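Remarks on the structure that follows.
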Amino acid sequence: MRTTLWTAAILAAPVLSLLHQHPDELPDLSWDFVIVGGGAAGGVLANRLTEVREFNVLLLEAGPDTGDIFNFSMPFPVSTLSPFTPYDWNYTTVPETSTNNRVLGYPLGHVLGGSTSINSLLYTRGPSDDWNWLAEELEDDSWSWKNMQRFFQKNERWVHNDSTSGRFDPAHHSTSGMNFVSLPQAPESIDEMIIQTSKDHPEEYPFNVDMNSGRPLGLGWAQSTMAHGRRSTARTSYLSNEVLARPNLHILVNVFVTRLAPPSDGHTFSQVEFAYGPDKAHLATLTATHDLILSAGSINTPRILLHSGIGHPTTLASVGIPQVLPLPSVGQNLSDHTLVRLNFLVNSTDTWERFSNNQTLEEEYVKMWKETKQGPLGNGVFNHILFAKLSEEANDSSGEPNVEVLFNNGILPPWQPETGNYLSVIPILLTPTSRGHVIINSTSPLSPPLISPSFLSTEYDMKALRYAIRLAIGFVKRAPWEGYILSPFGFPESFMVDDSPRPASDSNELEADGIMDEWVRANAGTTAHPAGTCALSKLGADYGCVDLDFRVKGVKGVRVVDASVFPRIPRAHTQAPVYVVAEKAAEVIKVEYGYGRGGRAPVVHSGVGFGASGEEL
Ligand SMILES: Cc1cc2nc3c(=O)[nH]c(=O)nc-3n(C[C@H](O)[C@H](O)[C@H](O)COP(=O)(O)OP(=O)(O)OC[C@H]3O[C@@H](n4cnc5c(N)ncnc54)[C@H](O)[C@@H]3O)c2cc1C
């Protein structure tokens, strides 16, 4: 059963001369930029900086290249890629009382393409107000929604794969960017019930024709990083084989960056140290003449900085790492969207279980996908999103959601029970007030970091998630679902009775709330959207790690560009925000060195990735 889809399968490996597997293969070049991490941000930077022929760029990636494994291009089998696979960092959280002292899996991509290679594909820009808030916070209008649009345009390559009208608004989309974005390619049997519920109750679940307009509130068709039946990732777009052919871009995979080598003058970093080989037993260093750029993500970037002596003096002293720069915000402010899964047994055979529990049909679908890129495996796992506000804030005219609900037409394989058919509804908290941290507790850079997301550690977060759960249950109890839902599966029956969304401040229903809270603390997990651990902040701010040019405050030669730079987590699935922040950073860096917008020389390369016709990588 698990030999087809659920085990990664190898196709012919492409030969990519500038993608190196071992440090000995590197040419004897002087590197202008060394980028750490080949994920969303690192991919953008490697691409955009090597548009300048004069720049030699080296990208270091801890994971392997997966361009040859078909599960990485098939959109559906996201749950075969993480958690706890060779393509995941296999991190877990520390036990925390707010989640019943459970140790939670914390998936992050450990492959070229980073988390974009293993993510769930949803493409959401977030509300315009989030970007406008950022512009105000940073006192820099270039971060406003309006001014960030050109970076979204550089990132998005909309593919109109659905002739049904009214499912998106072309006015908000770019067809010339790097990552393919499209509507669902295959219908799900629950689509009609979802849409009908919105039609029947437009005040509660208003239909939103395009959630990427800057006003995401309501129910709409999901937009995802896929097209032509394939995933679109940082690997297939910014780091496509075409881009990897550039003579000034080299990528070294399977190398683990341990730290920045201590600066000889005490503040100018130019060398990065990395471990490689079996058991990472060998150490080497490389030099960047312009900048070292950390794009290792919100957990690993602070991990590297702390091992380099940049962080909170108390943390560094307690571990015994010599302090190079006191920067207390490193690793703090960890923010993430927490979720729960509400599974229901349903009265239908037309759910994912029809093939996830039927090897013959599953093999047929794999064959169909290989031959035509069609069928259920050529689609992502979400066809709709519901963004909603807490009712007590409904008077706020900004159109900002606080919570989100997603719908799966089954339990994500391979976690489905062997019998039965299911609906899985996923309430998510978008505006957490809990803040966690990432620290280290060893001088060995190979020891995993301690991740404390502190999920649901504030009363507001608990109330808001409770609200989202009631909203989700209320949604699937409307008339279009009559006769469909048989029973809750894995959560208390009492939630079904008590389904009315209520203001987050309402404390009358203490008993029902208490039962729900207990279940939530025992079941909540991560959306894998960590952000904020090395935040941007304006000059003179009393928090933050990087200036508006992405340079680490107080030292020279090192920048941070990845999800860790958001001072506040966007109300969005985070890949689109990270892609555009990296596009912006690439421009800032190019301009600083005299290239690009207003600079002295035009860019010289371009390249999109697997083409509009859908050819291989
Ligand atoms: C399971 C999962 C599902 C998700 N679903 C969605 C979704 O549906 N929609 C959405 O918008 N977002 C989703 N996300 C989040 C989104 O993918 C991330 O926010 C985004 O990729 C973050 O970009 P980044 O550049 O900060 O980090 P990443 O993309 O994670 O890239 C970091 C890279 O750095 C490498 N690296 C780290 N440390 C080192 C080191 N020491 N040495 C060398 N290399 C190193 C990593 O291996 C990785 O390749 C999901 C994430 C996960 C894990």
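Just so it is clear, glycine is given a Cβ too, placed from its N, Cα and C backbone atoms.
Taken straight from TrEMBL:
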ACT_SITE  His529  active site, proton donor
ACT_SITE  His573  active site, proton acceptor
BINDING   Val111, Val257  FAD binding site
DOMAIN    297-311  domain 'Glucose-methanol-choline oxidoreductase N-terminal'
SIGNAL    1-17  signal peptide
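Projection of TrEMBL feature records onto the structure.
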residue: Val111; record: FAD binding site; DSSP (3 states): coil
residue: Val257; record: FAD binding site; DSSP (3 states): strand
residue: His529; record: active site, proton donor; DSSP (3 states): coil
residue: His573; record: active site, proton acceptor; DSSP (3 states): coil
Number of helical, extended and coil residues in the domain 'Glucose-methanol-choline oxidoreductase N-terminal' (297-311), per DSSP: 11 helix, 2 strand, 2 coil
Fewest other C-beta atoms within 10 angstroms, as judged across His529, His573, which are the active-site residues: His529
Rounded inter-Cα distance in Å - Val257 (FAD binding site), the residue listed as 'active site, proton donor': 22
Those binding-site residues listed as Val111, Val257, and which of them has the most Cβ atoms within 10 Å of its own Cβ: Val111
Cα-to-Cα gap, the residue listed as 'active site, proton donor' vs the residue listed as 'active site, proton acceptor', nearest whole Å: 7
